[in-house]
Amino acid sequence: MNGSKHTCQPQSLEISAIPSPPGTRTTPSLETIHEARLKAKVKRRLRKNSSRDSGRGDSLSDTGDVVRSVVPPTSPKGKLLNRRSRMGKGRGLPKKGGAGGKGVWGTPGQVYDEDKVDVKDPNYDAEQENCVYETVVLPLDEETFEKTVTPIVQEYFEHGDANEVAELLAELNLGSMRGDVPMLAVSLALEAKASHRELTSCLLSELCGCVLTAADVEASFHKLLKELPDLVLDTPGAPQMLGQFIARAVADNILPKSFIDGYKGRVDCEYARAALDRAAVLLRMSRWTGLRIDSLWGSGGGQRPVNQLIKEVNLLLKEYLLSGDTVEAERCLRELEVPHFHHEFVYEAVIMVLESKGNRTLQMILQLLKSLCASTVITVDQLRRGFERVYVDMADLSIDVPCAYSLLEKFVEQSFDTGVIDKKLRDLCPCR
């Protein structure tokens, strides 16, 4: 244009930021992404250390370096640990003299007076001043009564302390179920041992007067007579045992003597009639022959004298030699309730073999010991102790029975052959 000549010269190209039209996405350069990552990394590190160095005033410079400034610590934790007053006052002592902390009701040793009732208080109620608060125990129903009293009676069979039972029953609100206590105790005793029945008779005598009345005991025995048909299903000897309970209660003066006479000619149940007849016979025997009804059930095995136990063991063995009933002998031995004294039974049995000098007694005693060992009525330890006692006394026994050594050797050998004793016990057998 204008007739001048234009020459093409190289010029530097400048890239300017041209705004992109709306709706389009721009791609950042690699340097920009790298710088953003570095700054984000530094910021994360600062946030991570902020809890430890919260008061240092760290910041980022323009180049991305961390700049630390010395600033007094402002951590809230540091403030909590500092005992000084934040107002610049005080000597750093605990607030309120140690009586203002959490869960503190005052300084140590401080005694508070009773709060006086403010009559002008809108919640004041004049009727509440003379109120007496008591713990109310609900009366037991039939199901709860059985679940609560049954364990008490069963534990009594173990410790035999009637005073403890009386205290436990006094804490319960028996209500209308009070008269069922003797009935429950007797029902449990019918299925237990003779010693437990003796404990039950003693318990009824102790409870009458403090926990029970004579009317409660009488009502319980009336119910027991009515329920005898059901009790016989579990305990066939229930009528005879209940008759003994009635006789014992009359002898202990907790049941009136007119109790049995009141049923004359009015009993339709054969089981109730048998129980009343048994009680009447025992009471007549006590008047005419001096039978002691207070020892009707006998005493427990561990409470009887040793001489009495030895007599009962000898009587048991003599009855067995006459009848030959192994089952009955086993039942009688169990009823003695002296498992710790079974070594005496073995000792007396072997002595009886040596004194009889007959083969029949030897075979019967051997059969009895074999049966008792097989049913675990006599333990291995009790059997061994019985034989060892015989071995020790052989020197004295041979004076009365000259052939005692040969008889003992024969009995021990046959006992080993039948499996009653082991080889070690056989080898301990003494010889002349």
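Numbers here mean position along the shown chain, with the first residue as 1.
Glycine residues also receive a Cβ, built from the backbone N, Cα and C atoms like all the rest.
Source: prediction; values computed, not measured.
Feature list (source: TrEMBL):
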COMPBIAS  1-14  compositional bias 'Polar residues'
REGION    1-109  region 'Disordered'
COMPBIAS  39-49  compositional bias 'Basic residues'
COMPBIAS  80-94  compositional bias 'Basic residues'
COMPBIAS  95-106  compositional bias 'Gly residues'
DOMAIN    144-265  domain 'MI'
DOMAIN    308-431  domain 'MI'
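Broken down with DSSP, the domain 'MI' (308-431) shows 100 helix, 0 strand, 24 coil.
Across the range of the compositional bias 'Basic residues' (39-49), the DSSP-based residue counts are 10 helix, 0 strand, 1 coil.
On the 0 to 100 pLDDT scale, the domain 'MI' (308-431) averages 90 in this prediction.
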